[in-house]
Each structure stands twice: as C-alpha cells, then as structure tokens.
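Visitor: Starting off with a structure, shown below.
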Amino acid sequence: MIELKGRKLVLGVTGGVAAYKAAELVRLLGKAGADVHVVLTEGGARFVTAVTFQALSGNRVWTDLWDPRMDNNMAHIDLTRDADAILIAPATADVMAKLAHGQADDLLTTLCLARDCPLLVAPAMNRQMWEHPATRRNAAQLVADGVTLLGPAAGEQACGEVGLGRMLEPEALCEAVIGFFQPRLLAGRRIVMTAGPTFEAIDPVRGITNSSSGKMAYGLARACAQAGAEVILVSGPVALSVPEGCRRVNVKSALEMREAVFAALPGADVFIGVAAVADYRPATSAEHKIKKSGAELTITLTPNPDILADVAGLPNPPFCVGFAAESRNLDEYAEGKRKAKKLPLIVGNLVQDGLGGDDNEVVLFDAAGRHPLPKAPKPEVARAIVAHLAALLPKI
Ligand code: C5P
C-alpha cells in the first residue's frame with residue numbers, strides 16, 4: 001500500500017522506552033510511501049541510536065539544534081518547511097509539558113514551535129505520569145492548541161504496572177497517520193455494514209459456507225472510519241483484524257446476521273450490504289454429529305431472507321448500498337438488483353477482474369446512471385466509493 005506516497009513526515013523520537021517501537025513505525029511509514037525524517041532528542045538517543053533510524057528511513061537523522069549540516073544552519077526551520085506533519089512517537093510527559101508551554105530548548109521542540117504543519121503526538125508514559133494533573137492540563141492545552149493526540153492505549157507497561165499510558169502500537173499509529181490525511185466526508189454518520197461469508201450449520205461440526213474473505217468489506221469499513229463515520233461491522237467468520245475505529249459484531253448464520261443488523265440499525269444513516277450471505281440454509285440442523293452410514297444423504301435447503309432487501313424495504317430506511325459481484329452482463333444484472341432491492345446505490349464488480357488481487361475495478365450504479373471507477377489498489381477504490389456515497393447522502 002502506498003497511501004502516504006508523496007508525504008513528508010518529521011518523526012520526533014523522545015526518551016521513552018517505547019522508542020524501540022519507533023523503529024518499526026519508521027519502517028511502516030516508509031512502506032506506506034512516506035518520506036520520513038527522524039529527529040532524535042537526547043533522551044531518545046539513549047534508547048535507540050541514530051544509525052537505526054538512518055538505516056530504516058534512508059534519510060540522515062537530526063539530533064542537534066546547532067547541527068552545521070544545513071547550508072543556512074537553520075535545521076529548525078528547513079526540516080519542516082515542506083513537511084505534511086510532525087509526529088512525535090513516543091512523546092514523553094516532559095516533551096508534552098514543553099510543547100504545552102511553547103518551550104524550545106532543543107531541535108524537536110524548536111521545530112514544533114516554528115512549524116506551519118499539523119502536529120500529531122503519541123503519548124507514552126507510566127500510568128501515574130499520564131494521570132498526573134500536570135499532564136492532564138498539558139494534554140488538554142495541546143488539544144486546545146490544535147494538536148492531535150494519538151492514544152495513549154491501556155495495557156501492560158514496561159514498569160510492570162497496568163493502565164493508560166502505553167504508546168499505540170506502530171501499526172495503529174501508521175493507520176492513524178493515514179487516516180489523519182483523509183477528508184472527513186462521513187463525519188457524524190453512523191454506518192452499519194455486513195461482511196464476510198455466512199456459515200449455515202448442517203450439524204454441530206459441519207456447515208455450508210463460501211470463500212468470501214471479507215477483504216472488500218473490511219477495506220470499505222476502514223475507509224468509512226477514516227472518513228469520520230462510526231462503523232458497526234456485522235461480520236461472518238473471517239480471519240481479519242477489525243479496522244481502527246470500527247466495532248465488530250460476530251455472527252455465523254444469515255439469520256444471526258439479520259438479527260444483529262436489525263439490532264444495530266436504530267440511528268444508522270447508512271446500511272451497506274457487502275456480505276456474501278448464503279442464499280440457502282439447511283432446513284434443519286442436526287442436534288448431534290451426523291454419522292456416516294454409506295447410504296445417500298439428502299440435505300433439504302430452505303431460502304434465507306435477503307437482509308439488504310429487508311432493510312431497504314423498511315418504512316424509513318437508511319441510505320442502502322448493495323454489492324453485485326457478477327461474472328458477466330455486469331450492467332444489466334447490477335442495475336437489475338439495484339431496482340429490485342430498491343437501492344439508491346449498488347457497487348458492481350466483474351469477478352474475473354477483481355477477486356483476490358491487490359487492484360479492483362468497479363462500476364457504481366445509482367439513479368443518475370453508471371459511474372465506472374478506474375482500476376486502482378483496493379484502498380483507493382474504497383475511498384472512491386466513500387466519496388461517491390458521501391456526495392449522495394442528505395446534508396447534515
Ligand atoms: O442478490 P444478490 O445476492 O446477488 O445481491 C447481493 C447483495 O445483496 C449484496 O449487497 C449482499 O450483501 C446482499 N444480500 C443480503 N442478503 C442476502 C443475499 C444478498 O443482504 N440473503
């Protein structure tokens with residue numbers, strides 16, 4: 001994924017034990033396409049050396065306000081001149097206190113004071129330090145000054161205590177940085193989405209399912225959350241982690257999925273049916289494991305409810321979006337489904353082009369006609385769907 005392509009980030013690493021995780025963060029940000037310039041404080045350099053960051057970022061590392069390497073000797077101005085953001089991870093209680101008071105006694109704090117780009121701060125400290133009234137005041141002051149706080153998380157700490165103060169994991173920080181740069185097109189919207197396959201039990205250990213991986217739904221849920229929406233993912237069994245900012249409700253069968261969807265619907269602005277819901281389920285599920293007898297075995301199937309059509313058919317339905325994966329006649333079948341299920345928007349996708357790969361090519365169908373989206377990496381396609389959806393929603 002190259003979702004930070006073209007972004008220049010200054011990463012400030014201060015003196016907390018979580019500094020070792022900043023090395024992994026540099027690698028992840030770089031993998032996402034960012035050009036990362038590390039500024040290491042004196043304390044940070046006690047935990048991880050500049051050599052590590054230099055090797056991982058491919059850029060020289062800055063530590064000293066008086067570094068003569070810049071032609072004009074103005075590292076504190078030049079480093080952030082064309083930066084898209086400064087991220088401090090880990091941020092100690094000390095650096096937060098300095099920032100809250102506008103102190104500038106080293107390169108990093110001077111850069112922060114002289115910047116004209118956003119500042120993101122990932123606190124990392126002992127639970128008691130985080131809870132101290134002075135840190136609470138400083139954190140509140142930073143937020144009031146327009147600084148974005150990322151975390152901290154709760155959990156086990158290096159000192160052996162458990163509580164709030166841990167730095168977010170590098171993956172979560174990288175996700176937060178990607179999310180930070182996205183337009184908040186769905187701010188204030190509540191979205192319920194179905195995902196993955198369903199599993200229709202034959203007996204306690206067997207069932208009928210399909211090969212849906214859930215990747216499309218989880219990718220779209222991630223894009224919706226990064227656009228500011230509150231997302232509830234009603235998900236069949238998949239091996240994916242829940243995207244940042246989404247809540248997952250686990251279900252197995254289509255009937256369970258339908259029940260969970262209707263329970264989550266009150267207050268929802270949008271419903272997106274991405275799940276590959278089984279069209280049929282065994283009419284009865286055996287209480288005990290069916291024994292092999294050698295004789296022919298017949299399983300009678302009964303149709304499952306169409307969750308999307310049921311939601312769209314409500315007296316005051318949320319804005320409903322469907323998916324249509326077709327192997328041929330995409331326009332005819334997708335538009336046919338849109339009309340039959342009374343959907344304002346359906347995402348059509350020719351399966352021989354899309355499934356499994358990193359890229360996807362979809363066509364959106366709405367009341368205004370067909371809108372083909374260019375073939376692109378899946379996260380980009382998800383963002384294009386979000387933009388189209390956001391433009392169709394009634395204003396709030
Ligand atoms: O009719 P078809 O299954 O092709 O329609 C696909 C769309 O309908 C998808 O959005 C899918 O999530 C939804 N669907 C549903 N419940 C079903 C079958 C499909 O919500 N039982």
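Quick reminder: no glycine exception, Cβ is built from N, Cα and C everywhere.
Copied straight from TrEMBL:
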type	residues	note
REGION	1-190	region 'Phosphopantothenoylcysteine decarboxylase'
DOMAIN	8-178	domain 'Flavoprotein'
ACT_SITE	C159	active site, proton donor
DOMAIN	186-391	domain 'DNA/pantothenate metabolism flavoprotein C-terminal'
REGION	191-396	region 'Phosphopantothenate--cysteine ligase'
BINDING	D279, K289, P305, D306, I307, L308, F323, K337, K341	CTP binding site
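Tell me about the surroundings of these features in the structure.
Guide: In this model, the region 'Phosphopantothenoylcysteine decarboxylase' (1-190) carries an average pLDDT of 94.
The C-beta environment of C159 (active site, proton donor), restricted to residues of the same chain at least 6 apart in sequence and closer than 8 Å, consists of N126.
The Cβ of D279 (CTP binding site) has P303, N304 as same-chain neighbours under 8 Å, each 6 or more residues away in sequence.
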Visitor: At its widest, how many Å does the recorded CTP site span between Cα atoms of D279, K289, P305, D306, I307, L308, F323, K337, K341?
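Guide: Across D279, K289, P305, D306, I307, L308, F323, K337, K341, the widest Cα separation comes out at 38 Å.
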